[in-house]
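See below for the structure under consideration.
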C-alpha cells in the first residue's frame with residue numbers, strides 16, 4: 001500500500017478510518033477553495049440551463065421528472081430496511097435476514113433519519129435560508145444571490161442549501177459503513193454516483209446550485225463517518241468492560257483460595 005508523506009510522519013494516519021477523514025477534510029477544503037476563488041461559479045453553472053423568462057427547460061424532460069420522483073422509491077427502500085431490521089430475524093429458513101444484513105439496514109436507517117431527515121432538512125436548510133436558483137435574480141427569481149456558506153434572511157421558503165434530493169442518493173454510502181475498507185470505498189462510490197445523478201437533475205431544474213449538491217455530500221459523508229466512529233468507540237468500551245469483568249472473575253477466586261489455604265510453613 002502506498003504510504004503518503006503524512007502517513008509516514010504520523011503512523012496513526014495509516015488507519016483506514018483516519019485516511020477517510022483526511023479525504024473528507026481535503027474534499028471540503030478543495031470545495032471551499034474552488035468557490036472562494038470563483039464565487040460566481042454557482043451562477044455560471046445554473047445559467048447554462050436557464051433559457052430566460054424564468055424557464056428551466058429541463059423541468060419538462062420526461063427522464064428528468066422520472067429521476068426527480070426517485071424519493072418515492074427511496075421511501076419504500078427505507079420501509080423495506082426497517083421491516084428487515086425488525087422482522088428479518090423471525091422469518092423462517094432461508095428468508096431469515098442475517099445479522100450482517102440487519103446491521104446494514106440499521107446503518108441505512110440511521111443515516112436516513114439523522115443525516116437526511118435531521119441534519120439536512122431540519123438543521124442546515126433552516127439555518128442557511130439560501131434562495132434556490134429559480135428564486136435568484138438573473139435566473140427568474142426576485143432574491144439576491146447568497147454565496148455558499150453564508151446565511152440569507154430573505155424568505156421563509158429559501159432552503160436551497162443543501163440539496164435534500166442529493167442527500168437521498170449520498171445516503172447509500174451508509175450501506176457499507178460496517179464493512180472492510182474496500183467495502184466502504186465501494187459503497188462510497190455508489191453513494192456518490194446516486195447523489196451526483198439526483199443532484200445533477202436538481203441543477204438542471206433550477207432547484208439547486210452546484211455547491212448545494214457538493215455540500216450535501218459533505219454532510220452525508222461526515223454523518224456516516226461520525227456514526228462509524230461512535231460505534232467503534234462504543235464497541236471498544238464494551239470489549240474493555242467485558243475484559244475487566246472476566247479478569248475480576250478470574251482474580252477473585254484465586255485471592256479467596258489463597259486467603260483460606262494454610263501456608264507451607266504452618267503445614268510443616
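Cβ from N, Cα, C; glycine included.
Keep in mind the model is a prediction, meaning the values are calculated, not measured.
Record features, source TrEMBL:
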DOMAIN    107-229  domain 'Phosphatidic acid phosphatase type 2/haloperoxidase'
TRANSMEM  21-41  transmembrane segment
TRANSMEM  73-92  transmembrane segment
TRANSMEM  104-121  transmembrane segment
TRANSMEM  159-178  transmembrane segment
TRANSMEM  190-207  transmembrane segment
TRANSMEM  213-232  transmembrane segment
Residue list, the transmembrane segment (104-121) vs rest of chain: Cβ under 8 Å, 6 or more residues beyond ends. 77-78, 81-82, 84-85, 88, 97, 162, 164, 167-168, 171-178, 216, 219-220, 223-224, 227
Run through the domain 'Phosphatidic acid phosphatase type 2/haloperoxidase' (107-229) and tell me, per DSSP, how many residues are helix, strand and coil. 82 helix, 2 strand, 39 coil
What else in the chain is close to the transmembrane segment (159-178), if you only count residues 6 or more beyond its ends and a Cβ gap under 8 Å? 68, 70-71, 74, 100, 103-104, 107-108, 110-112, 115-116, 120-121, 124-126, 128-133, 135, 146, 148, 184-188, 190-199, 201-202, 207-209, 211-213, 215-217, 219-221, 224, 227-228, 231
